[in-house]
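Engineer: Provided herewith is a single structure, encoded as C-alpha coordinates, for subsequent inquiry.
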Amino acid sequence: PLLASAHENGCICLWSIQGNLVKELLPFSKYPSVPLTALCTDISTKMLLAGSKEGHIMRWSIDSFLEDPQNSKNQIKEELCWRAHSTEVVDLFHEEEKNVVVTASIDGSVRLWHAVNGCYLGYFGQPRKFELSDISRLILPCDVNNFPAIIKEESKQMEKKLFEYPLMLDRDK
(Lines of atoms letter the chains of each structure in order from A and count residues from 1; the text may use other names and numbers.)
(Lines give C-alpha, C1' and ligand atoms only; values in the text may rest on other atoms or scores of the structure.)
Protein backbone atom coordinates (compact mmCIF):
# COMPACT_ATOMS: atom_id res chain seq x y z
CA PRO A 1 0.00 0.00 0.00
CA LEU A 2 1.07 3.55 -0.78
CA LEU A 3 -0.04 6.95 0.43
CA ALA A 4 -0.34 9.78 -2.11
CA SER A 5 0.01 13.41 -1.12
CA ALA A 6 -0.61 16.51 -3.24
CA HIS A 7 1.57 19.57 -2.77
CA GLU A 8 1.63 23.33 -3.27
CA ASN A 9 4.36 23.07 -5.94
CA GLY A 10 2.13 20.90 -8.16
CA CYS A 11 3.90 17.65 -7.34
CA ILE A 12 2.43 14.37 -6.08
CA CYS A 13 4.47 12.26 -3.68
CA LEU A 14 3.91 8.53 -3.21
CA TRP A 15 4.97 7.26 0.22
CA SER A 16 5.39 3.80 1.71
CA ILE A 17 3.60 3.06 4.96
CA GLN A 18 6.98 3.28 6.68
CA GLY A 19 7.16 6.96 5.63
CA ASN A 20 9.74 6.59 2.85
CA LEU A 21 9.34 8.54 -0.39
CA VAL A 22 8.77 6.02 -3.20
CA LYS A 23 8.07 8.29 -6.17
CA GLU A 24 7.60 11.96 -6.95
CA LEU A 25 5.35 12.98 -9.86
CA LEU A 26 5.17 16.33 -11.57
CA PRO A 27 2.29 16.82 -14.01
CA PHE A 28 3.36 17.20 -17.62
CA SER A 29 1.48 20.05 -19.23
CA LYS A 30 1.98 23.28 -21.08
CA TYR A 31 0.84 25.17 -18.00
CA PRO A 32 3.20 26.08 -15.14
CA SER A 33 2.95 23.96 -12.02
CA VAL A 34 0.06 25.01 -9.83
CA PRO A 35 -0.96 23.79 -6.39
CA LEU A 36 -2.86 20.50 -6.37
CA THR A 37 -5.99 20.57 -4.23
CA ALA A 38 -7.64 17.13 -4.56
CA LEU A 39 -6.58 13.51 -5.14
CA CYS A 40 -8.41 10.24 -5.68
CA THR A 41 -7.99 6.81 -7.22
CA ASP A 42 -10.42 4.35 -8.67
CA ILE A 43 -11.35 1.35 -6.48
CA SER A 44 -8.91 -0.98 -8.25
CA THR A 45 -6.11 1.67 -8.07
CA LYS A 46 -5.40 1.60 -11.78
CA MET A 47 -5.66 5.37 -12.14
CA LEU A 48 -4.76 8.36 -10.02
CA LEU A 49 -6.68 11.61 -10.47
CA ALA A 50 -5.63 15.06 -9.26
CA GLY A 51 -7.42 18.40 -9.27
CA SER A 52 -5.63 21.75 -9.29
CA LYS A 53 -6.15 25.25 -7.95
CA GLU A 54 -6.74 26.45 -11.54
CA GLY A 55 -9.51 23.91 -12.23
CA HIS A 56 -7.53 21.26 -14.14
CA ILE A 57 -7.93 17.51 -13.73
CA MET A 58 -5.00 15.20 -14.49
CA ARG A 59 -5.15 11.41 -14.84
CA TRP A 60 -2.26 8.97 -14.45
CA SER A 61 -2.08 5.23 -15.07
CA ILE A 62 -0.48 3.70 -11.96
CA ASP A 63 -1.37 -0.01 -12.12
CA SER A 64 1.89 -1.31 -13.64
CA PHE A 65 3.95 0.77 -11.22
CA LEU A 66 2.07 -0.56 -8.18
CA GLU A 67 2.62 -4.17 -9.29
CA ASP A 68 6.41 -3.75 -9.06
CA PRO A 69 7.67 -0.29 -8.01
CA GLN A 70 11.32 -1.46 -8.12
CA ASN A 71 11.14 -2.26 -11.86
CA SER A 72 12.21 0.85 -13.79
CA LYS A 73 10.17 -0.26 -16.83
CA ASN A 74 6.95 0.09 -14.83
CA GLN A 75 6.45 3.82 -14.88
CA ILE A 76 3.54 6.00 -13.90
CA LYS A 77 2.14 7.52 -17.08
CA GLU A 78 0.17 10.73 -17.26
CA GLU A 79 -2.54 10.06 -19.81
CA LEU A 80 -4.99 12.94 -19.77
CA CYS A 81 -5.37 16.54 -18.66
CA TRP A 82 -8.46 18.71 -18.98
CA ARG A 83 -9.92 21.93 -17.65
CA ALA A 84 -12.93 21.00 -15.53
CA HIS A 85 -13.66 24.35 -13.84
CA SER A 86 -12.54 27.95 -14.11
CA THR A 87 -11.75 27.99 -10.38
CA GLU A 88 -10.19 25.67 -7.81
CA VAL A 89 -11.19 22.00 -7.68
CA VAL A 90 -12.06 21.18 -4.07
CA ASP A 91 -13.04 17.52 -4.45
CA LEU A 92 -13.29 14.75 -7.02
CA PHE A 93 -14.08 11.07 -7.14
CA HIS A 94 -14.23 8.28 -9.69
CA GLU A 95 -17.37 6.19 -10.02
CA GLU A 96 -16.06 2.94 -11.43
CA GLU A 97 -19.29 1.24 -12.50
CA LYS A 98 -20.28 4.10 -14.85
CA ASN A 99 -16.63 5.13 -15.46
CA VAL A 100 -17.23 8.80 -14.67
CA VAL A 101 -15.36 11.43 -12.67
CA VAL A 102 -17.33 13.85 -10.51
CA THR A 103 -15.62 17.17 -9.76
CA ALA A 104 -16.58 19.99 -7.40
CA SER A 105 -15.27 23.54 -7.42
CA ILE A 106 -15.25 26.50 -5.03
CA ASP A 107 -17.70 28.21 -7.39
CA GLY A 108 -20.33 25.72 -6.18
CA SER A 109 -20.58 23.71 -9.40
CA VAL A 110 -20.47 19.90 -9.46
CA ARG A 111 -19.73 18.40 -12.88
CA LEU A 112 -19.65 14.97 -14.45
CA TRP A 113 -16.91 13.82 -16.88
CA HIS A 114 -16.15 10.62 -18.77
CA ALA A 115 -13.10 9.10 -17.02
CA VAL A 116 -11.38 7.72 -20.13
CA ASN A 117 -11.36 10.79 -22.39
CA GLY A 118 -12.39 13.70 -20.15
CA CYS A 119 -15.57 14.33 -22.16
CA TYR A 120 -18.03 16.66 -20.39
CA LEU A 121 -21.29 14.91 -19.52
CA GLY A 122 -23.15 17.61 -17.60
CA TYR A 123 -23.61 19.26 -14.21
CA PHE A 124 -25.66 18.50 -11.14
CA GLY A 125 -28.86 20.53 -11.20
CA GLN A 126 -29.25 20.56 -14.99
CA PRO A 127 -32.80 20.13 -16.32
CA ARG A 128 -32.02 17.11 -18.52
CA LYS A 129 -30.88 13.62 -17.49
CA PHE A 130 -27.23 12.67 -17.82
CA GLU A 131 -26.56 10.83 -21.09
CA LEU A 132 -23.67 8.58 -20.06
CA SER A 133 -23.65 6.44 -23.20
CA ASP A 134 -23.10 9.29 -25.67
CA ILE A 135 -19.49 10.43 -25.23
CA SER A 136 -19.07 11.49 -28.85
CA ARG A 137 -20.54 14.96 -28.27
CA LEU A 138 -17.78 17.50 -27.89
CA ILE A 139 -19.41 20.06 -25.63
CA LEU A 140 -17.88 22.09 -22.84
CA PRO A 141 -19.24 24.00 -19.87
CA CYS A 142 -19.74 27.71 -20.54
CA ASP A 143 -16.69 28.77 -18.48
CA VAL A 144 -14.23 26.28 -20.03
CA ASN A 145 -12.85 26.65 -23.55
CA ASN A 146 -10.16 23.93 -23.79
CA PHE A 147 -10.83 20.36 -24.84
CA PRO A 148 -9.07 17.51 -22.97
CA ALA A 149 -5.43 16.93 -23.94
CA ILE A 150 -4.21 13.36 -24.32
CA ILE A 151 -0.63 13.09 -23.08
CA LYS A 152 1.57 10.93 -25.30
CA GLU A 153 5.01 9.67 -24.43
CA GLU A 154 6.45 11.25 -27.59
CA SER A 155 5.32 14.71 -26.50
CA LYS A 156 7.40 14.44 -23.32
CA GLN A 157 10.52 13.69 -25.32
CA MET A 158 9.77 16.43 -27.84
CA GLU A 159 9.40 18.95 -25.02
CA LYS A 160 12.93 18.29 -23.78
CA LYS A 161 14.56 19.04 -27.13
CA LEU A 162 15.76 22.57 -27.78
CA PHE A 163 15.07 23.96 -31.21
CA GLU A 164 16.66 27.06 -32.59
CA TYR A 165 14.80 28.99 -35.23
CA PRO A 166 16.39 32.07 -36.76
CA LEU A 167 14.11 35.05 -37.29
CA MET A 168 13.39 35.63 -40.97
CA LEU A 169 11.46 38.49 -42.52
CA ASP A 170 8.83 37.35 -44.98
CA ARG A 171 7.42 40.41 -46.74
CA ASP A 172 4.60 38.40 -48.36
CA LYS A 173 3.06 37.67 -44.96
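Any Cβ shown, glycine's included, is placed from N, Cα and C.
According to TrEMBL, the protein carries these features:
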- 33-114: domain 'IP5PC-F beta-propeller' (DOMAIN)
- 82-113: repeat 'WD' (REPEAT)
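For each feature listed, report its degree of burial, its nearest neighbours and the pertinent distances within the displayed model.
Structural biologist: Model confidence over the domain 'IP5PC-F beta-propeller' (33-114) is summarised by a mean pLDDT of 88.
Sequence-distant contacts of the repeat 'WD' (82-113), counting only residues of its own chain at least 6 positions beyond either end whose CB sits under 8 Å from a CB of the stretch, comprise 37-38, 40-44, 47, 49, 51-57, 119-125, 130, 132, 141, 143-149.
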Engineer: List the helix, strand and coil residue totals of the domain 'IP5PC-F beta-propeller' (33-114) as derived from DSSP.
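Structural biologist: Helix, strand and coil residues of the domain 'IP5PC-F beta-propeller' (33-114) number 5 helix, 43 strand, 34 coil.
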